[in-house]
Structures are given as structure tokens and as C-alpha cells.
Amino acid sequence: MDSQDHHRIQSEGVASDRRESVFTADTLVTHGAESVDAHEDCEDKDLHHTPDLENGKSAHVRENDRRSAIESSTSTVAPQGRTKASLPTVKDKIAGIKDKHVFNEQTNYALPRSKIVTVFLAVSAVAMAALLDQTILATALNTIGQDLHAGSQVTWISNAFFLTSTSFQLLYGKVSDIVGRKVCLLFCLAIFFIGSLASSLAQDVVQLSVFRAISGIGGGGLITLSQVIISDVVSLRERGKYQGILGAFIAISNGIGPIIGGVIAQRSSWRNIFRLQLGLIPASAVLVIFIMPLKRVEGSWKRKAAAVDYLGALLTLASAALIVLGLNWAGGIHPWGSAAVLAPLLIGLAMSTVFVLYQWKGAKNPLMPLDIFKNSMVAGGCFTMFVNGFIFVVQVYNVVQMYQIVYGYSPIKAGVVFLPLVLMQTVSSTVAGICISRLGRYREILLAGWAIWSIGMGLFSIMTVKANLGEQLGFGLLAGLGVGGTLQVSLIALQSAVPRQRMAVLTASRNFIRNLGAALGLAVAQTTIQSTVRTNLQWPEEEIQMALDNPTLLTSDRLILFREAYLQGFRRLFYILASLAALSVVIVFFFMPQLSIDREDDKELKNGRTPEDIAATTSNTSAGTANEKVEDPHVRNV
């Protein structure tokens, strides 16, 4: 790939963001007028500007600086055919901006290190609460199903959460741009708490599934908002180590969750799984409220509410829910060709098409700006995240289940044997993040991560019934080494390709796409294993279904046959995973070049200047060059 190709890749998707990253004089006048309205219109009590105590400079003083820059730009920049004197002043613009909402950036790189650490601790607590909720259930589902006499419906306990969390995930990126990160995060924690409390009181599988769906509404935003908040307070260069450590927390949650779930399932009531969250969530909320110094978004709530893309939200919720529903039903509950599967899938895909067209042509403030996908880095990165979700969720759920079914391990032992994979993922994620921050490179880490992960999945695909503990642990270590070099590293790569104003929507879109991959992965896993079992055994359907629901009910001879058939399905599944990981190596090589993670204005932002101040200065220095092509200063190749 030559230098011209690299330059084209970086420029794709940036030109459409020019109004966000380089302000014109008229834009600055409008923005400045909104700020004047905030200070001078005493009747609008909701419009405010938050003091920036860390910088030692009040918002009022910074606002005066901004006004000076704005007025300077309006006096020096005049479109063709107009004199300087004919340009409207800030006061002239006030009357026309009453109904506009200020989308001020929430970037705050000037926080001292001690404040950054407190923010990081808070978001890590939030992320762990969200992930523990999901992974604890992995080893406890069978116990819950037996207690509630759920049978095959037990899968809905996890599927209901996954359905709503995926459906709502895309909303939180853009909505947090409008109302602020902290407001969104506290809303998610509140809904998550309500759902967990209700789940601990459920009396049957239907109630539990409904309450888990409520938890998913809140849970869908916790990881995304945690990643976005780190992006707000840490520059792209330093973000690698923080995102890497956050990835380590995520890995730890994925590792200890199955063990905790196994202990609770064997030695206590499964209701304690959800009661555990009743302590973790309030603790996380306290950290968010009292030690997370984030910027608030300016503007009245009326203006913020008017800025939300409600039709886009409705379309994405409905389409995502239908697609995930169809995938959850496919293979296990209903055949792929049945109306119960095809109807939601086809309707969901049709609504997705309408959503895409609306975001492209109709939405004034789209939830998912489609122009970001014109950038080949973003397109390639999101494809690999779809694959990442596919493989990762199948790995977490099916490896633990395979240890229990094929090797007869208890839930606790299955979690312990799975733990080395997670510990290696923790180490590799942390080391990868530190390397990115020190070396400024992510491409080689991504290539190595996907290649190693592919080898690890390939080794799992050759396991036999007689595989010893050393093989099980060794294959897990290799897989963990690979996955740690892909998940958080890809986020840094994607964020390097877009302006800061697109960080939240890009992060939400990336996680949304990853969750869709996970939904497809679970459906394919269920179909692959169950179809293999049915083909190999040729037993009556009632006996096969009983074996899949609770294999301990089989006789010893039947159990041996069932384990061999199940392992064969598991191996076929991991052939697919190894192939997808290998495909991702190719995608990274051709579509994800190395871009610079050092941005020219990072130092100014760390020194306390606001994005609006920098934009005003940029407008002044670019006066008289309106007819020249402007290159984005924030996205560069190396």
C-alpha cells in the first residue's frame, strides 16, 4: 500500500466532519451566540457553563476569551461579495439561535493524574459489575434451569439480557453526546439495579427472563460509556495503557465470573448471583457521582430532548431486537428454515435497511453517521469486531460447557480450568496497551493477536475425549494470549481514524456490531453442536433433548456416546472459529494501516485549552484560505 493510499484512507470520512473539526466564522458566531445566551439570558436557568476548577480558570473567563476569538474571526473573515463591515456580530445572531442546542465537546485532557486515576477506578468498577453479571451465569444456568423447571427455556435467561443490551447499545453513544456521559451512566446503573433486584425475586423462568431483559437495557451502556469516558479524559497516545488495563479488568471479570457462579450454584442459592449485584451497583454509582469529574453538556433539557433522533432510535431498537430474537431461536429452539426464525430475521433486516436509509438521508442528528464507514480503517476494524464478538462469546460459554459435559468437571472445576485463558488475556491486554502508549504502534499487535488466536482455536478443534489437563490449560493460554491483543487494541486503531467529535458514536457502533457478531456466534454454536449430536446419535428426539438439557440423566453407556458426539460438534464449531480468526488477519493486513496516534492539539488540550478555543484559533489562522482544500490536522499516517 503506497503513501497515496495511506493518505486516502486517513482522509476518508474526515471531509464530512469538517464542520465539526474546523469551524467557519459563521459557525463560530452561532456557537458564540449560544454561549452569550447562556450568560445573559437570565430567564433560561438551565443553560450553563461548568467551571473548570482543575485548570484554575473559570468558565466565565474562558467564555470571554472565546468571545474575543469569535469577534476577531468575524472581523477578519468575510465571504466573497461581502465586506468586513457587513458581517453580523454576535449580538445580531442571538435572536436566531434560541432553539439550537450546544454540542460542546466533553474532552478534558487537562485533568491531573490523580483525577484520571479516580475516573479510571470508577469506570473499571462499572465495567466489572456489567461483565460479572453475564459471566457468573455461564456456569449457573443449568442449576437455575433445574430449580425453575425451565427445560429448554433456560437459554432465555441469558438471551433476554443479550437481546435488550444489544438493542439499546447503539443509542448510548449519541445520547451521551447530547445529555452528558455521567447522566447516561447513572441512568444505566439505575435500570441495571432495578433489573437485578427483580431477578433475585423471580418465581419462574418467564419472570426471570423479563427481569433480565430489563437489566439488559441498563447493561448495554455500561461498557460503551466506560470506554468513551476514558477517551474523554486521556489523549489517544496515552489511551492505550488505560484501555489495555480496562481490558484486563474485563478479562478478570470473564475469568472469575464462572468460578463465582459455580460456587454459588453448588453451595448456595442461585438468587445470590443477582443479590451480589445489589451491592456492586450502588458502590459503582457512588464512585461515579462523587469522584468522577466529567464535563457537563451545556443547554436546557428541552433543547437536549429535541436533539435526540427518536425515529432512528425506534428503528434500531426494533430491527436489532428482531434480528437477535431470530438468531437466538435459530437451530436450538426452532429450525433455521422455520417461520419462527425467518419471520423476525427478515422483518429485522428490512427495518435495518430502513434505518440505514434514514440515517443516510433523513436524520438531522443521526445515531450512526454512515459516512464514518467510508473510511476503510473503520470498515475493516468493525468487521474484525464482528468476528471478535462471534468468537469471544462462543469461547466463553462453550469451552466452559464442554469441560462440564465432555470431561465431567463440576462447575467450579470448569471455571478453574478456564481461568488460565483469562489470566493470559489479562496480561496480554495490559502489555499490548503499554506497548501502544510507548511505541505509538498498534498494527503489529493486531496482526500477531489475530494470528495467535487463530492457532489457539485450531488447537481446541483437535481435542479428544482423552485430552489431559496440560493440553486443556496450554490451549487456553495460547487462545488468551491472542484475544488480549485484539479487543482493546482495535479500539485505539479505530479511534485514530476519526476526529474526537466522533469518538462516542464510533465506540457505540463498534460495540453494537460486536454484539451482533456475538448473537450470530451463539446461534451458530447451538446449531452446530446440536445438529452434530442428532446426526451422530440417531436417538429419539425426546432422548436427545433430555441429554442436551441435563446429560446426567443418561445411563453410563449413553453418557459416553453423548460426550463423544458433543465433542465432535464442539470440534466442528472451533474449525469455524479458527477460520474466522485467520480471515481477520487478512482484513487487518489490507484494510487497517498504521495511523498516527499523536494529534497536534493534544498538548494544547492538556494545558487547559478547550476544543472550542482551539477551533476559534484555527478559524483565525485559516482566514483568507477558504477556497483552498483544508486537510484535517488530527488524522495522520506514519
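Placement of Cβ uses the backbone N, Cα and C atoms for every residue, glycine included.
What TrEMBL says about a protein is an automatic prediction, not a curated fact.
Summarising the annotation, TrEMBL assigns compositional bias 'Basic and acidic residues' to 1-21, 45-69, 602-612, 628-638. Taken from TrEMBL, the feature region 'Disordered' applies to 1-86, 602-638. Summarising the annotation, TrEMBL assigns transmembrane segment to 116-141, 153-172, 184-203, 209-230, 242-264, 276-294, 306-330, 378-397, 417-436, 445-463, 475-494, 573-592 (among others). According to TrEMBL, the feature domain 'Major facilitator superfamily (MFS) profile' maps to 119-596. Residues or ranges marked as compositional bias 'Low complexity' in TrEMBL: 615-627.
By number of Cβ pairs under 8 Å, the transmembrane segment (242-264) is matched best by 417-436 from the list 276-294, 378-397, 417-436, 475-494, 573-592. Counting Cβ pairs under 8 Å to the transmembrane segment (116-141), the stretch among 153-172, 184-203, 378-397, 445-463, 573-592 with the most such contacts is 153-172. A contact between the transmembrane segment (475-494) and the transmembrane segment (306-330) is absent, since fewer than 3 of their C-beta pairs, 6 or more residues apart, lie under 8 Å. Outside the transmembrane segment (445-463), and at least 6 residues removed from its termini, the chain residues within Cβ reach (under 8 Å) are 384, 391, 395, 399, 428, 432, 435-436, 471-472, 474-476, 478-486, 489-490, 493, 567, 570-572, 574-575, 577-578, 581-582, 584-585, 588-589, 592.
Note on the transmembrane segment (209-230): residues 119-120, 123-124, 126-127, 129-131, 133-134, 153, 156-169, 171-173, 176, 181, 184-185, 187-196, 198-199, 202, 239, 242-243, 246, 250, 292, 294, 491, 503-504, 507-508, 511 of its chain, located 6 or more positions outside it, place their CB under 8 angstroms from a CB of the stretch. Each of 153-172, 184-203, 306-330, 417-436 was scored by its Cβ pairs under 8 Å to the transmembrane segment (276-294), and the highest score goes to 184-203. Same-chain neighbours of the transmembrane segment (184-203): 126, 129-130, 133, 148, 172, 175-176, 211-222, 225-226, 229, 271-272, 274-275, 277-278, 281-282, 284-285, 288-289, counting only residues six or more beyond its ends whose CB sits under 8 Å from a CB of the stretch.
Confidence in the domain 'Major facilitator superfamily (MFS) profile' (119-596), given as mean pLDDT, stands at 88.
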